[in-house]
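Report on one structure; see the data block that follows.
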């Protein structure tokens, strides 16, 4: 049952700041990577000094590159929501990563060595890399832009002019170049007429900023730090492995006689799914001395490099325990007909469940206003739900 919405602007908060970072205007042309004029720049005052929890090193990065940091924060925000989606049927469902204006890394579970900790580290690192690289390709960042260029701009323009002239005469004029990253992007078919062009996602810049922002520059001195840096690396590796080739057709009457192609990161949902698969096969690391951080893997280093690792057995997460980053499962909605992990039997840890008529208030009909807030209506939704005792 849907009641009439009541207009009420929510506070800006971290989410509003993040929307300001990346969704403040219509997307620029992804092919050309246009930098449209007229958008006020993000400054240190609007980004760095409004968010608590930045380390000294992160604050320095933010002061030097507030626009890139804003994109990184957006990436963390997206990563937390994707983490919640991927683990929505688990007892621990990433809700503890929502920091209320602080970075997710202040959550207690990220100071532990659980499988869930490993998954969270990889997801957050991937989110920063993905968001920064995407912002680069959209021309939103001062310090970076399009990624790899297959040829000089003059050569590219000359080639395009020759090709368009050939197309206007009803002929094809193939120009093809190899992928800049062998193995990371599918190769064109023999009948394809295409060239690398447009605006590639600058994955190198995104990876470097993710590493600088999240990894400590000092050598890791304990097992927890080594686990964090390793899983950060796995998250970024998954983004690189899932690069896609996107193309735009050119030609008369939509004939697609010629395609301009560029590298792009996939939707973040695909990144989340790939990391969720790695979570299911995460590797437990035995250690001689946790203070020394010495790994005692049972697998070859090459096999270990692309997998999530952890060194603590996870608790059952049934009860609330702030020291473990566990919110517990009391009050969680469950599926009484399911025998899977989202079923009331598993999710409620044997405590049983109640059937409640619940009215919740949710944000709806959101509009972004420049500058600088998101204005939403509040809608009331009434429904019957099964809730863990």
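Just so it is clear, glycine is given a Cβ too, placed from its N, Cα and C backbone atoms.
Note that the coordinates shown come from a computational prediction; the quantities given were computed from them, not determined experimentally.
According to Swiss-Prot, the disulfide bond annotation covers 83-94 (among others), on the basis of similarity to another entry. The secondary structure of residue 83 (disulfide bond), as reduced to three states from DSSP, is helical. Under 8 Å, Cβ to Cβ, and six or more positions away along its own chain, residue 83 (disulfide bond) finds 94, 97, 119, 120, 123, 272.
Neighbour density for residue 136 (disulfide bond): within 10 A of its CB lie 27 other CB atoms from the protein chains shown. Taken residue by residue with DSSP, residue 136 (disulfide bond) is part of a helix. For 136-144 (among others), the entry in Swiss-Prot reads disulfide bond, with the evidence type similarity to another entry.
What Swiss-Prot records for 146-199 (among others) is disulfide bond.
Within 10 Å of the C-beta atom of residue 261 (disulfide bond) sit 24 other C-beta atoms, taking all shown protein chains into account. In the three-state DSSP classification, residue 261 (disulfide bond) falls within a strand. Annotation source Swiss-Prot lists disulfide bond at 247-261 (among others), citing similarity to another entry.
Sequence-distant neighbours of residue 249 (disulfide bond) (same chain, 6+ residues apart, CB-CB distance under 8 A): 255, 256, 258, 259. Here Swiss-Prot flags 249-256 (among others) as disulfide bond.
Within the same chain, residues at least 6 positions away in sequence whose Cβ sits under 8 Å from that of residue 349 (disulfide bond) are 91, 316, 318, 329, 388. According to Swiss-Prot, the feature disulfide bond maps to 318-349 (among others).
Residues annotated as disulfide bond in Swiss-Prot: 334-344 (among others). Contacts of residue 334 (disulfide bond) defined by a Cβ separation under 8 A and a same-chain sequence distance of 6+ are given as 342, 343, 344, 347, 348, 353, 386, 387, 388, in order along the sequence.
Counting every protein chain shown, the Cβ of residue 348 (disulfide bond) has 22 other Cβ atoms within 10 Å. In the three-state DSSP assignment, the secondary structure recorded for residue 348 (disulfide bond) is coil. Taken from Swiss-Prot, the feature disulfide bond applies to 348-388 (among others), supported by similarity to another entry.
According to Swiss-Prot, the feature disulfide bond maps to 364-379 (among others), an assignment based on similarity to another entry. For the recorded site, residue 379 (disulfide bond), the DSSP three-state label reads strand.
The disulfide bond feature in Swiss-Prot is assigned to 366-376 (among others).
Swiss-Prot lists 371-372 (among others) with the feature disulfide bond.
According to Swiss-Prot, the N-linked glycosylation site annotation covers 93 (among others). Sequence-distant neighbours of residue 93 (N-linked glycosylation site): residues of the same chain at least 6 apart with a C-beta under 8 Å from its C-beta are 84, 87, 332.
According to Swiss-Prot, the N-linked glycosylation site annotation covers 335 (among others), on the basis of sequence analysis. Look at residue 335 (N-linked glycosylation site): DSSP puts it in a strand. Taking a C-beta cut-off of under 8 Å and a sequence gap of six or more, residue 335 (N-linked glycosylation site) has these contacts in its own chain: 342, 343, 344, 386.
For 253, the entry in Swiss-Prot reads O-palmitoleoyl serine.
Annotated phosphothreonine per Swiss-Prot: 46, in sequence order, evidence recorded as similarity to another entry.
The signal peptide feature in Swiss-Prot is assigned to 1-28; the stated evidence is sequence analysis.
Among the listed disulfide-bonded residues, namely 247, 344, 379, the Cβ with the most fellow Cβ atoms inside 10 Å is that of 344.
Of the listed disulfide-bonded residues 94, 256, 318, 366, 388, the Cβ environment within 10 Å is emptiest of other Cβ atoms at 366. Between the CA atoms of residue 379 (disulfide bond) and residue 144 (disulfide bond) there is a gap of 41 Å, rounded to the nearest whole number.
Reduced to three states, the DSSP call for residue 364 (disulfide bond) is strand.
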